[in-house]
Every structure is written in C-alpha cells, then in structure tokens.
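Visitor: Mind looking over this structure? Questions follow.
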Amino acid sequence: MTWLRGCTFGCVMFVVTMFWALYLYDRDLVYPRLLDNFIPQWLNHGMHTTVLPFIIIEMRTTHHQYPSRPCGLIAVCSFAVGYVLWMCWVHHVTGVWVYPLLEQISPLAKVAFFSCLTVLINIYYVLGEILNSYIWDCSKCVLDTDKAKAD
C-alpha cells in the first residue's frame, strides 16, 4: 500500500481548498450552523485546516515513491468515485445529502460538479507528485554535492 501514500497530498489539498472555498462562499452549503452545537470549532479546524501544514511537513520529511502516473491517477479517481458513490448511497438510504450544497443543484449539475471535482483532485495529485519530485531531487543534489566535496 506504499503506492497509496502519494495520493494523500492530492486528497488533503482537495479537502482543504474545497471545504474552505465553499465555507467562505456560503458556510451553510457545506457546514450548516447547526453543526456548531455538536462539533466544536477546534475539531472543525482539525479536520479541515491543520491537515494542510501536516501534509506539507510530512512531504518534506518523508520521500514518497509515487507509482506510474496512470496508476496513481487511477487510484485517485477510484477514491473520488468511491466517495461520490458513498454520498449517493447515504442520500438513497436517508434522503439527506451529506453536503447541503447537493440539495440545491439539479441531477445534471451534480454530474458536472462531481466530474469537475474529480478533475481537480487529479490536478492536486499531479501537483503533489511534482512537489515530491522537486523536494527530494533537490535534496539529493545537495547531498551529492556535499559528498563530492568530502571526496
């Protein structure tokens, strides 16, 4: 499952940017005020904010072996489709959408929305792959230069 580690950056970036973009636009679309009674503000930030600095620290301290790009994108798409199917299943069973935003858009708009989100999470995956390569290739260059100086 080490190939799955590379997917975390894309998923975290997706969660942070989508949640806070929707929250800033209209918080009731993604996090109704009613939830403030059950989920303290610190826990909301724990789920939707602090994951970003932690994934950046983790990316800087741990080299990830990304799979081939097609395999990585298939994994990320599988995750995205699985999440969409889970949201649809919850709606089918309870009659309530997990995110209130989905109550306000038509079925065709939902398909377009889910498709755009899948494209976005794929872009974040590729960005994570590029950043990982940049961080660790540059670190390797510095280590190789130091090693050459020692010789």
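Each Cβ is built from the backbone N, Cα and C atoms, and glycine gets one as well.
These came from TrEMBL, pasted as-is:
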TRANSMEM  7-25  transmembrane segment
TRANSMEM  45-61  transmembrane segment
TRANSMEM  73-99  transmembrane segment
TRANSMEM  105-127  transmembrane segment
Visitor: Could you tell me what the rest of the chain brings near the transmembrane segment (7-25), counting residues at least six beyond its ends with Cβ under 8 Å?
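Guide: Same-chain contacts beyond the ends: 31, 47-49, 51-52, 55, 58-59, 72, 75-76, 79, 101, 117, 120-122, 124-128, 131-132.
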Visitor: So what's near the transmembrane segment (73-99) in sequence-distant terms, Cβ-Cβ under 8 Å and 6+ beyond its ends?
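Guide: 3-4, 7, 10-11, 29-30, 67, 114, 117-118, 121-122, 125-126.
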